[in-house]
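Undergrad: According to TrEMBL, the transmembrane segment annotation covers A:6-23, A:35-53, A:73-98, A:163-185, A:205-231, A:243-265, A:280-298, A:305-323, A:335-354, A:375-394, A:414-435, A:456-480. What TrEMBL lists as domain 'NADH:quinone oxidoreductase/Mrp antiporter transmembrane' is A:128-415.
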Amino acid sequence: MLSQHLVILPILIPLLAALLLLLPWGENPQPYRRAIGLTSCVALILVALALALKVQNGVHVYAVGGWQAPFGIVLVADKLAVLMVLLTALLALPVLWYACYGEDSIGSHFHALFQFQIMGIVGAFLTGDLFNLFVFFEVLLISSYALLMHGGGKSKLRSCLHYVMLNLLGSSLFLIALGIIYGITGTLNMADLAVKLSQLSQDDAAIARVGGLLLLIVFALKAALLPLYFWLPQAYATTTGTVAALFAIMTKVGVYAILRTFTLIFGEHAGASALLGYEWLWWLGLGTLAIGGIGIIGSRDLRLIIAYLVVVSVGTMLTTFSMNSETSITAVLYYLLHSTFITAALFLIVDVIAKQRGKTASRIVKGRRMAQHGLLSGMFFVAAIAVIGMPPFSGFIGKLFILEAARTGAQVALLWPLVLGTSFLVLVSLSRAGSRIFWHNFNGKVGDVRHAKGQLTAIFLLLAAVVSLTIFADGISHYIEHIAEDLRNPTAYIEASLGGVANHD
Amino acid sequence: MEALFSITVGILTACSIYLILRGRSFPIVMGLTMLSYAVNLFLFSTGRLVLNQLPIIGNQAEYTDPLPQAFVLTAIVIGFAMTAYTIILAVRVRGELGTDEVNDPQAKDGEGNR
């Protein structure tokens with residue numbers, strides 16, 4: 001009986017945990033809350049693994065309330081959605097573990113907001129309905145507004161205000177896009193849209209394309225693509241380390257939404273609207289790469305560098321995606337996994353560095369020696385190598401996949417120099433930052449802030465994820481190739497979504 | 001009716017964009033609220049404008065589409081929560097930073113100084 005409802009469990013677990021967390025837990029609530037939060041994250045990993053096994057033999061559809069698509073809302077678990085859920089769960093556990101060493105107590109309701117955030121993210125991955133996607137976006141956004149302000153402080157206020165206002169505008173645009181698409185096709189079920197869009201007349205298809213491009217704008221805002229990325233560096237650089245680490249998945253929600261809608265709905269089979277927006281993604285992605293590189297080299301704060309690394313990774317992924325081949329989608333997905341773990345790890349490492357250095361925090365200036373100097377420099381070194389894309393870690397493999405995906409001469413001529421050039425800029429600025437922070441120290445007193453081994457374990461876990469991405473690169477890339485194949489031929493997804501009772505085991 | 005409806009939505013959207021482009025938080029919040037009104041009206045019209053009909057199929061020949069009404073209801077609820085949060089945030093910004101400018105070029109913690 002339970003296996004029938006497995007698809008909705010990843011949404012229910014964080015929801016129930018969040019509701020439990022909101023209960024008053026007496027004088028000293030934090031231990032209970034930590035236990036509930038961590039249990040929920042572990043349960044999410046287990047459920048995601050069970051789902052991953054289940055979707056091996058086909059797409060699984062859950063009709064919420066028993067209403068069949070396209071009339072009701074369906075949750076669709078295919079390999080891509082489940083992979084993203086698993087990624088979220090694997091990211092959430094170490095990040096929450098890290099937060100449980102005190103950072104969860106500097107503001108109220110951290111644990112509940114964290115679970116609501118997970119619920120929104122997971123829901124956005126699993127839903128098969130565009131309006132439901134909007135609702136889950138709002139769930140994850142409103143918790144992210146509050147999480148961004150976690151701990152308070154003046155520096156966070158302004159960037160949070162920008163973030164909130166931009167995203168409210170984005171939500172309005174999302175609704176307009178949904179209205180346009182619904183007005184033309186009469187459905188918002190993704191699979192049904194994929195069918196209906198190819199049957200539109202020329203005039204109707206023109207309007208549907210407007211809706212599609214508006215959707216692209218909304219998702220690009222979430223993913224932080226070139227003209228819409230300005231909110232990101234400040235927001236990520238000023239918020240607390242744990243929240244920034246969790247937000248490593250947030251831009252990927254935008255990337256996922258683009259991957260899903262622009263292969264399934266506006267993909268090659270969409271008739272007059274086929275391959276909508278791919279040209280835009282190519283050029284804007286390249287622009288994002290270049291701007292991100294400039295931002296990295298111009299930053300005087302290590303956290304800001306990491307924030308710009310997020311921008312660069314988004315540019316890399318969307319440019320690669322716009323090349324529209326199986327190899328390019330494989331490259332995007334592999335890079336997505338890699339960049340989520342490594343950015344989260346880097347945000348946490350920088351958070352530890354900033355705390356141990358005291359007043360100089362993460363600014364790239366001469367400072368005092370840290371209490372755990374050797375350990376931290378080692379972790380930073382490993383993470384830096386991985387994120388730059390030097391062998392032997394997954395960054396190298398990811399970049400290799402991306403370079404390999406460029407096929408035509410024009411693609412090679414533009415993509416190679418930009419990807420390699422940005423990697424070089426990252427190399428330069430990370431080595432500059434590392435040498436300044438770890439080698440140029442005052443001779444005086446060594447810092448006295450120490451972090452518990454348990455807390456550092458969280459970072460080791462994230463780094464271990466990066467290492468295992470490297471070790472199991474072969475198996476993972478085979479698995480991802482299947483996903484890419486499914487994305488380019490969405491017939492199975494469409495049939496399962498619209499198939500009705502037969503597929504609803 | 002269609003013309004009147006679309007002109008209303010258009011004017012609301014235009015006014016809201018003007019307000020959002022102002023540099024101060026209060027006009028922006030007003031603009032965002034107004035935009036959500038415009039969006040709600042627009043969503044409502046996506047099921048086509050029909051007068052005096054039930055949203056039930058089968059009772060009579062003509063009916064009005066119930067789905068956009070459900071969309072609008074959801075959008076109103078979400079928009080309400082978001083507006084409340086933005087207003088509180090704007091008040092906090094005004095109180096803690098002493099200015100309601102959304103972008104303060106003189107801010108000491110600006111990106112250029114980091």
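Glycine residues also receive a Cβ, built from the backbone N, Cα and C atoms like all the rest.
All TrEMBL annotations are machine predictions without curation.
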Undergrad: If we skip the immediate neighbours and take only residues 6+ beyond the ends of the transmembrane segment (A:6-23), which ones have a Cβ under 8 Å from one of its Cβ atoms?
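TA: For the transmembrane segment (A:6-23), the sequence-distant neighbours (Cβ-Cβ under 8 Å, at least 6 residues beyond its ends) are 33, 36-37, 39-40, 43-44, 47-48, 50-51, 54, 60-62, 64, 75-77, 85, 89, 109, 111-113, 115-116, 118-119, 122-123, 126.
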Undergrad: Sequence gap of 6 or more, Cβ distance under 8 Å, 3 or more pairs: do the transmembrane segment (A:375-394) and the transmembrane segment (A:280-298) meet that?
TA: no
Undergrad: Apart from its near flanks, which chain residues at least 6 from the ends of the transmembrane segment (A:243-265) lie with a Cβ under 8 angstroms of it?
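TA: 80, 84, 87-88, 91-92, 95, 98, 114, 117, 121, 124-125, 130, 133, 137, 140, 144, 147-148, 150, 190-191, 193-194, 197, 212, 215-216, 219-224, 232, 236-237, 276-278, 281, 303, 306-307, 310, 313-314, 317-318, 321, 329, 332, 336, 339-341, 343-345, 347-348, 351, 487-488, 490, 493-494.
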Undergrad: Going along the chain, which residues at least six beyond the ends of the transmembrane segment (A:73-98) come within the CB cut-off of under 8 Å?
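TA: Counting only partners 6 or more residues beyond its ends, the transmembrane segment (A:73-98) has Cβ contacts under 8 Å with 6-8, 10-11, 37-38, 41-42, 44-45, 47-49, 51-52, 54-55, 59-65, 67, 111, 114, 118, 121-122, 125-129, 131-132, 189-191, 241-242, 245-246, 248-249, 252, 256, 259-260, 333, 336-337, 340-341, 344, 348, 454-455, 457-459, 461-462, 465, 479-480, 482-483, 486-487, 492-493, 496-497.
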